[in-house]
Amino acid sequence: MGDVLSLAADNLLSPLILFFVLGVLAAFARSDLTIPEAAAKALSIYLLFAIGFKGGASVAAHGVDAGLILSLVAGGVLSAAIPFVAFALLRVMTQLSTTDAAAVAGHYGSISIVTFVACSTALTGRGLDPEGYMVAVAAIMEAPAILSALWLVSRKAGGSQMDSGLWREILLNGSIVLLIGSFVIGAITGKEGLEKIASFIVSPFQGVLCLFLLDMGLVAGRGLRDSGKYLTPGVFAFGMLMPLVGSCFGLAAGMLLGLSTGGVALFMTLCASASYIAVPAAMRVALPEANPSIYLTLSLGITFPFNLTLGIPTYIAIASQVTGG
Amino acid sequence: MQTHDAKRVVITIEAVMESRLTDALQTADVTGYSILPVLGGSGRSGPWSREGQVSRAGGMVQVICIVHPDRLDKLLDAAFAVVERHIGIVTVTDCQVLRAERF
């Protein structure tokens with residue numbers, strides 16, 4: 001318990017978290033502080049490019065093994081399975097309609113790449129470097145949850161609309177293409193390639209992440225301020241319980257796969273996080289009847305800050321205890 | 001200056017539906033349109049803003065078409081098939097154009 005509190009205290013006083021908190025406070029105070037849409041997009045492109053490339057370079061350095069394939073399979077299976085758990089919890093804990101509950105559940109099966117990046121940064125800072133291929137696992141986990149959410153709706157209420165265009169948009173989503181593309185380029189060019197662009201993707205990384213988290217804080221704060229009325233006690237509790245439930249699946253998978261301490265913590269974080277980029281866009285197309293204020297506020301306003309502040313230190317502490325790392 | 005009657009159709013729709021709408025318009029032989037970003041606004045779900053968003057899920061765009069009055073129904077049928085289940089507004093106003101053959 002002392003480890004968790006110590007990690008949480010360190011985490012809460014890191015620049016990353018403090019900039020996120022600044023964004024939330026600025027939004028609540030109705031400050032005119034904003035990050036322009038194009039700048040926010042550019043920051044996210046930089047982060048995806050950097051994390052993908054570094055993951056690929058790490059795989060090149062350590063080689064490809066069966067762990068990579070098994071981790072990808074486990075990631076895909078968990079992404080598809082977790083929405084069913086989330087859906088069942090939502091039906092017990094909240095009064096959400098079937099459509100809203102399925103849409104929310106889909107978000108929790110998918111992942112938040114910024115939470116992934118924040119956890120990777122925290123792990124690297126503690127000398128617990130995860131397996132480089134976890135970047136590919138993150139990319140794999142983006143989409144299967146969407147299919148599960150749509151199946152839940154079609155089974156219970158009918159009316160989801162899944163066309164080939166939507167599949168193309170999900171699978172060729174810009175974030176996934178950039179993440180996988182950078183990963184592959186990093187794996188091809190290896191350490192030499194990384195050294196050539198290290199001054200661009202290694203040194204400035206933390207600063208850019210701070211700026212991006214400031215933006216996420218602003219967006220989360222505005223969401224909470226304007227859509228907080230949708231957060232009933234049950235919905236609010238779900239937003240903090242579900243990451244812990246999801247992380248247990250990640251812990252079990254990480255242990256079964258024999259991942260390192262960092263890998264287990266990162267798998268827990270992936271299973272605990274909720275999407276706010278790929279899945280909301282898919283839900284707006286396929287399930288327009290679902291209320292975006294509920295799933296976006298839950299994902300970005302409750303679960304993202306929870307994972308960022310308390311979740312990640314908890315997952316790292318548990319992974320360290322369990323693996324003896 | 002000689003002017004001609006035309007219809008100006010403004011479709012405000014979610015950004016994620018943009019390509020579906022423009023595909024439908026092309027299919028309905030509406031090949032001329034302009035797309036404008038919507039910076040923010042307020043609706044039944046409350047206020048929203050594009051600022052800081054990295055996902056297109058929360059954004060809206062406006063697709064503006066100007067057509068000859070005879071082609072209006074075909075355009076609206078095509079547009080309605082796409083926007084029916086989604087958040088959005090379709091407005092039609094009378095306007096005047098200088099070169100009727102272009103619409």
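Glycine too: its Cβ is placed from the backbone N, Cα and C atoms.
Curation plays no part in TrEMBL annotations; they are all automatic predictions.
Here's what TrEMBL has on this protein:
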type     : residues  : note
TRANSMEM : A:12-31   : transmembrane segment
TRANSMEM : A:43-62   : transmembrane segment
TRANSMEM : A:68-90   : transmembrane segment
TRANSMEM : A:102-123 : transmembrane segment
TRANSMEM : A:135-154 : transmembrane segment
TRANSMEM : A:166-185 : transmembrane segment
TRANSMEM : A:197-214 : transmembrane segment
TRANSMEM : A:235-257 : transmembrane segment
TRANSMEM : A:263-282 : transmembrane segment
TRANSMEM : A:294-318 : transmembrane segment
When counting Cβ pairs under 8 Å to the transmembrane segment (A:12-31), the leader among A:102-123, A:135-154, A:294-318: A:294-318
Considering the transmembrane segment (A:102-123), which listed stretch of A:166-185, A:197-214, A:294-318 counts the most C-beta pairs under 8 Å: A:294-318
Contacting positions for the transmembrane segment (A:135-154) when only residues 6+ beyond its ends and CB under 8 Å are counted: 51-52, 54-56, 68, 71-72, 74-84, 87, 98-99, 101-103, 105-111, 113, 116, 160, 162, 170-171, 173, 175-176, 179-180, 183, 267, 270, 275, 278-279, 282-283, 286-287
Highest-contact recorded stretch vs the transmembrane segment (A:197-214), from A:43-62, A:68-90, A:166-185, A:235-257, A:294-318, CB pairs under 8 Å: A:43-62
Two-stretch contact, the transmembrane segment (A:43-62) and the transmembrane segment (A:294-318), at least three Cβ pairs under 8 Å: no
Residues of the parent chain within Cβ reach of the transmembrane segment (A:235-257), under 8 Å, 6 or more residues beyond its termini: 67, 70-71, 74, 78, 81-82, 85-86, 89-90, 93-94, 96, 104, 108, 263-265, 267-274, 294, 298, 301-303, 306-307, 311, 314-315, 318-319, 322-323
Contacting positions for the transmembrane segment (A:294-318) when only residues 6+ beyond its ends and CB under 8 Å are counted: 3-4, 7-8, 10-12, 16-17, 20, 24, 96, 100, 103-104, 107-108, 112, 114-115, 118-119, 122-123, 126, 128, 213, 216, 219-221, 223-224, 227-228, 230-231, 235-236, 238-240, 242-244, 247, 250-251, 265, 268-269, 272-276, 279-280, 283
Same-chain residues near the transmembrane segment (A:68-90), Cβ under 8 Å, at least 6 residues beyond its ends: 59, 96, 101-102, 104-106, 108-111, 131, 133-134, 136-138, 140-145, 147-149, 152, 238, 241-242, 245-246, 249-250, 253, 256-257, 259, 263, 267, 270-271
